[in-house]
Amino acid sequence: MRSPRLRRQPALAPSRASDPAEPTEVFPVGKAVEVLPDEGAYRGAHLPAVVARFDPGLRSYAVEYDALAVSGASGRALPETVPASQVRPRPPPPSPAPHAEHAAVDALRDGAWWLGVALVGGGRADGKVAVRFPATREEAEFDLADVRPHLEWVAGEWRSPEDMETSKRTLYAKGTQIEVARLEADSVVAWFPAIVAKTIWKNNLLVEYPFWKGSELCNEIIDIKHIRPCPPRASVISFCVNDDVEGFQDDGWWPGKITEIHPKLTYTFKSATSGKKVQLHQNTLRLRYDWIDNQWKQVAQNLSGTKFTGGDRVEVSSDEEGFHGAWFQGTVVKSVGHKFLVEYDALKDDDETTPLKETIGEEHIRPSPPAIPVTNGFKVLDEIDAYTNDGWWVGVISEVLSNQKYKVYFKAYKEQDEFELEQLRRHCDWVGGIADVTAEGTHDIFCTGAWDN
């Protein structure tokens, strides 16, 4: 696709990672250390070991583990060569003070120290400490001697989480509404609405489940990898057979498909997990989105009914850098399987005179939006499309200069420009399914998709 682009600052080149630094200290032979494996079953744990040899050329240590033995060799410590960057001294002996509630601790299990969170503050009469492991979502009880405060080895000194600024960093502040994954055999089978109640060391959060009706716990300490923001949701939407959706049941959102359509906005929902069918109202269904690379990706809907033929007026989007948030007008020349040959209105071919033609996948094409009259102008923060650079670009009204002139801010490119009223239109989104949309007194019904504004 070729088109003039919005002016924007050039993208910063990715920073180059510096070479690993030389170890700041060399542990002598016989030194008691801990090894932090970055792969395998013990990834994330601290394994007690003893230094057997240091290789300065390879910047590595030969170590022998305290609790791991060679298979078939009774009592012989397991030797291994590990990078110097994975070796640290053993932490100092812990103080006898009891652990605080939700303190970051290490618990000794299977010969290794594993990072967890102490569930209850103070000491228990039986000498046990309950520890939660957010990464695996397990809980276990340990003898007091097998639990220690978590410390980080930073620049040659021991630091506690309370002393480190990173303990306060999180993508989800207290009070944020989120969704928590329900896992079965390490696979996500449902998402449960929750609220962040407290941020804990590193990527751990205490969450509460406001809609939990069962007898199980109503809060949980989890790793951030098991949560996602609340997905987008269309304000008015109906569904087609075979649409990928999520249905709200048993306090959570479960993935599945629509198999039947019934009167009064009721649908047969087939669970992707159990295969069971149940009738659900439209209010307890939503289009399915997946949270991938920190952005929402809508799962492909049933597009079998979305047919464009030669002469249909359409708009086309692009994933190319510099074109995000824009739609370019054109006309369908013909269908090519599940794709469409489109001739653009304004985009030109290499000769700069012939209209550009491209074959477009169905995920990047939509009908031309309805012409919604603008009777009272726009207000600040109204979401609009502005016609510039041969296409319609999504933005917001940042300033009203008059009833015929506005300033528009393009968030994706951090730019602002002036436009006449005739260069603007109300922003609409094409949403999968069959919907009944009312806008500014108009009443439009679209099959296999709907305009939502």
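The backbone N, Cα and C atoms fix where each Cβ goes, glycine too.
Marked as domain 'Agenet' by TrEMBL: 25-95, 97-155, 170-235, 237-293, 306-373, 376-432. For 1-25, 74-101, the entry in TrEMBL reads region 'Disordered'.
Long-range contacts of the region 'Disordered' (74-101) within its own chain (CB-CB distance under 8 A, at least 6 residues past either end) are made by residues 20, 23, 27, 31-38, 46, 48, 50-52, 54-55, 58-66, 68, 118-123, 129, 147-149, 151, 153, 158. Per DSSP, the domain 'Agenet' (170-235) is made up of 3 helix, 34 strand, 29 coil. Counting residues of the domain 'Agenet' (97-155) by DSSP class, helix then strand then coil, yields 3 helix, 31 strand, 25 coil.
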